[in-house]
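Data first, discussion second: the structure below is written as structure tokens.
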């Protein structure tokens, strides 16, 4: 049975005989979190409003470990800055996860009607930092900090959500080296699969600060695979434009390529940008009202179009990815990762369902593999670095997994350029 591992493995699992449909009234769909759909609901025993994430375990069989991880982390958290978890119920193959309802939207939603001012940015960042300070003190790493995973209550309280890729450090394991997160927000050391710790969240926070200021992360116009190559290679992004010096310095402090030079969350709470600008969270209710007005106007415009296909996006627990450039890479078998496979989130997979899948590049077997075998052989003979050759080969296969056919395109472009180069006499000096 698809759900047997979950029955024995989830903390907070309620009496299996209890019927969640009797205990809770499921209301409208309010978003899509990691692994499942999220609904507003009522706890019939207390009349309390809750968020209900419903996951079909038969459809999500491959993600059961990730689901367990999210629930395990949430069940261990007790902080006003982290989404509260109330328990889980199993009915047939459906897992009901009951969580705190946060009706103010995500920080990403709040950017939709227009830019934020620096007081709003500082207030949101301060609350994220409080959540990170708590998690890091518990030796937990969120690993997917971004505006979409920051949720607000209707009163302006700010909480971290979507713990599907969160990691736990132990006393003996002070660093991790797994490749998870969302490409645009990923720290260089995570992409390189070097050992990393809670400072990876600080890098992601710096990217989130740019996102809150500009509406999108750096490189959002590029394919995520390209970004994975650029982040470790390039200088850190900076916040360009008409922003205060303290905000630019806050971003710069977070985005140091050397993790040990990044401040801790506790230290950043004392940064002058936060101290000078952050206000009480009730100040954010103005932003929430602005978003609700904007959404109502959008709904009115959309309803006038018969072929409109817009989905309600009011957030509750679980976060939601609403940009083409937002997807989360989840931890999988390290052996698979070495072979270049990449696991996209449910959202990205759903987006790709209607797109005819291109076949994998023929050149992988006819050109790429033989070429790398030859390179390795030559490198071994002269005592070269096999690791860098394998890393390059892995990167090509990783790109192919994300974008089938890209290797054939790359080889064709290379051939064309070489032909143009030789015709223009570029190779004359070689003769």
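Cβ from N, Cα, C; glycine included.
Listed ranges 239-267, 268-296, 297-325; the one Swiss-Prot annotates as region 'Disordered' is 297-325. Sequence-distant contacts of the motif 'Bipartite nuclear localization signal' (266-280) (same chain, six or more residues past either end, CB-CB distance under 8 Å): 118-119, 121-123, 125-126, 129-130, 133, 156, 202, 205, 244, 246-247, 249-250, 253-254. Cα of residue 162 (Mg(2+) binding site) to Cα of residue 144 (active site, proton acceptor): a span of 8 Å. Over the motif 'Bipartite nuclear localization signal' (266-280) the predicted model carries a mean pLDDT of 98. Cβ neighbour count within 10 Å across all protein chains ranks 149 highest among the recorded positions 144, 149, 162. Here the motif 'Bipartite nuclear localization signal' (266-280) is broken down by DSSP into helix, strand and coil counts: 9 helix, 0 strand, 6 coil.
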